[in-house]
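Undergrad: Here's a structure for you.
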Amino acid sequence: MTAAGLLIAIGIVYGDIGTSPLYVMKSVIAGNGGINTVGRDLIIGTISLILWTVTLLTTVQTVIIALRATNHGEGGIFALYALIRKKAAWLVWPALIGGAAILADGTLTPAVTVTTAIEGLKGLEFGKGNVPVSNQTTVLVITIVILLVLFSIQRMGTRIIGKAFGPIMLVWFAFLGVMGLINIGGNWWILQALNPYYAIKLLFSPYNKAGFAILGSIFLATTGAEALYSDVGHVGKGNIIGSWPFVFVCLSLNYFGQGVWILNNTNMHSATEINPFYAMIPENIRLASIVLATLAAIIASQALITGSFTLVAESINLKFLPRMNILYPSDERGQIYIPAVNKMLGITTIALVLFFRTSAHMEAAYGLSITISMLTTTILLYEWLVLKQGHNLANLLFVIFFSTINILFMGSSLSKFTHGGYVSLLITLLIASVMVVWYFGNKVRDQNGAGNAYVRLDEYTDMLTNLSHDDNYPTYSDNLVYMANVKYNKFIKREILYSILDKRPKRARAYWFVTVNVTNEPFTAEYAVNTFGTKNVINIQLYLGFKKQTSVNVYLRQIVHDLIKDNTIEAQPQEYTTTPGRDVGDFKFVIVNDVISPSTTLSSYKKWLVKARVQLQNLSLNPAQWFGLEFADMVIERVPLILGKQEHERIKRVAPVDYSKTSLNKK
């Protein structure tokens, strides 16, 4: 834990939870009929609910318990799943659903935080009688412009602007605390909210018109708690533990201050439109506060966008999602940019802004997906605790207590289902469906694909060598290159050899099997060779840094020259060439894709699952782009994907019909 580390943590981790004061109290007041209908008991109970929700779900569950469950220093729901996935097969379900819910939140957080911040400008005078932002349409235009700029700059990375995140968020939290203290004044009776009795009492009190549905608004105070866990790998456990007390105190003071201001201004009009956060700020600094709030909202949105990129990259590694083009704007592997994800996030976020139009409507959708992710994380945490400590009463009480709390919040969020909650759920289900199809489609294919099993490449080297010298077959290419994942330097998918040997035998001077391995270093450019004691069967393991372009065509030509030079393989002199002395022949690259065979005997559901998985593969990253083969001679071959038990019904032979005795023959 260092001062610099604490500052970085404040800038990266707390953006989402740090912007919650912008809309939590506003949502509670609107749900109870407006500012002129609330009383002291409601406000004290509300703040008590907020403080104890943040204490239990953020401080206890996340900071005290979840931060212990790191995977080589990395946190988050997928890192947690990776720790326990061998324990039980069903654990993949909470991991998939929770991950999908967090990705869904990545579209909602930028929409609601930026819109809420900009709404503070509405009705604000710039000079005498000049009100440039007088309606919601203007708010939407400004919000969309900010979001467009935010998503457009992602390709450049956040290394430079990211240095400002810490100082800006430090000022933001200090501002929250100071504004809270100013509005508390001498009204220290508000500290009664520290007593959880008032939180429980509020849920059953008649002056709480929203009933248990109030929890849907209260939960907004702890959205962003999952970031403390998922970002632990970026900023370090010690820096999160050290910075959280400061953040918690500043948030608490601001909620106290809003509560006092509300009770001192219950006679105001515009009952449901008042935002106590902005209203309690003195007019002479309100514009500055809106600018600061907008910056905090942008930083919160940036954190969610960056987190979404990281989550998708982890999903790809766990085979929850198909392969995508991942770029690295800086020399640090943690700084990634996924164009497809950025485009989908940007389009969805702006569509949500246009659909809901106001932050009040967005708040109805916001929160539901996070309650889902928190519940699934609780389940996975319990399994991790059992794995580490065994079954005991403490672990059982943990899962019962926190699952009950999360289910209560989920139920209250579902009360807003028809008012916008369905949007959050639909986005979550859509993402989860893609994950389910890809993950279980792969499972079905691997478990039932006898024809796609791995075989030993060294057992086929003699056959490949003989084919290379067999004049009965025309030369298909001088160098036939298969992009194949060769495991342990010798195991290769049978479908690759099927393509060479069974599908019109392909004669070549040299057969190349290339595996691309991405390393944790940014600029690695190395290769290893295994020829299996031959001159024309070569397994190449490429080791490329995560910032290196995967230009297999360029690298392979250099490798061929190196191997010819040291006599590892034979030269390939060319009789007809524009380059005198050329000793390397042509290259043909082959990508093998699966196509479901009609002989597949799987159940209808499993067959549909594999077909859907193949369709997703076709829609994902083009192999030519992935391997840098856009200008190479490349073919994509389809091989039959035969799944399930093969049952070939025998056909019975009969004697031919004797037409000599028919009337047709007599004519």
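Placed from the backbone N, Cα and C atoms, the Cβ positions cover glycine too.
Straight from Swiss-Prot, here's the annotation block:
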type	residues	note
TRANSMEM	5-25	transmembrane segment
TRANSMEM	47-67	transmembrane segment
TRANSMEM	88-108	transmembrane segment
TRANSMEM	133-153	transmembrane segment
TRANSMEM	164-184	transmembrane segment
TRANSMEM	210-230	transmembrane segment
TRANSMEM	243-263	transmembrane segment
TRANSMEM	287-307	transmembrane segment
TRANSMEM	336-356	transmembrane segment
TRANSMEM	367-387	transmembrane segment
TRANSMEM	393-413	transmembrane segment
TRANSMEM	420-440	transmembrane segment
Undergrad: Among 5-25, 164-184, 210-230, 336-356, 420-440, which stretch has the highest count of C-beta pairs below 8 Å with the transmembrane segment (243-263)?
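TA: Answer, by Cβ pair count: 164-184.
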Undergrad: Counting only residues 6+ away from its ends, which parts of the chain sit with a Cβ under 8 Å from the transmembrane segment (5-25)?
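TA: Result: 46, 50, 54, 58, 109, 112-113, 116-117, 162, 164-170, 172-173, 176, 217-218, 220-225, 227-228, 231, 234-236, 238-240, 242-243, 246-247, 251, 254-255, 258-259, 262, 275-277, 293, 296-297, 299-304, 359, 363.
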Undergrad: Of the listed stretches (47-67, 164-184, 210-230, 287-307, 420-440), which one yields the highest count of Cβ-Cβ distances below 8 Å with the transmembrane segment (88-108)?
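TA: Between the candidates 47-67, 164-184, 210-230, 287-307, 420-440, the best contact partner of the transmembrane segment (88-108) is 420-440.
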Undergrad: Let me spell it out: take the transmembrane segment (47-67), skip the flanking residues so only those 6+ beyond its ends count, and list any with a Cβ under 8 Å from a Cβ in it.
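TA: For the transmembrane segment (47-67), the nonlocal Cβ contacts are 17, 24, 75, 80, 190, 192-199, 202-203, 214-215, 218-219, 221-222, 225-226, 228-229, 232, 237, 240-241, 244, 248, 251-252, 255-256, 259, 374, 377-378, 381, 385, 398, 402, 405-406, 409.
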Undergrad: Using a Cβ-Cβ cut-off of under 8 Å, list the residues of the same chain that are 6+ residues beyond the ends of the transmembrane segment (164-184) and lie near it.
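TA: Those are 7-8, 10-12, 14-15, 18, 21, 190, 246-247, 249-258, 260-261, 280-281, 289, 292-293, 295-296, 299, 302, in sequence order.
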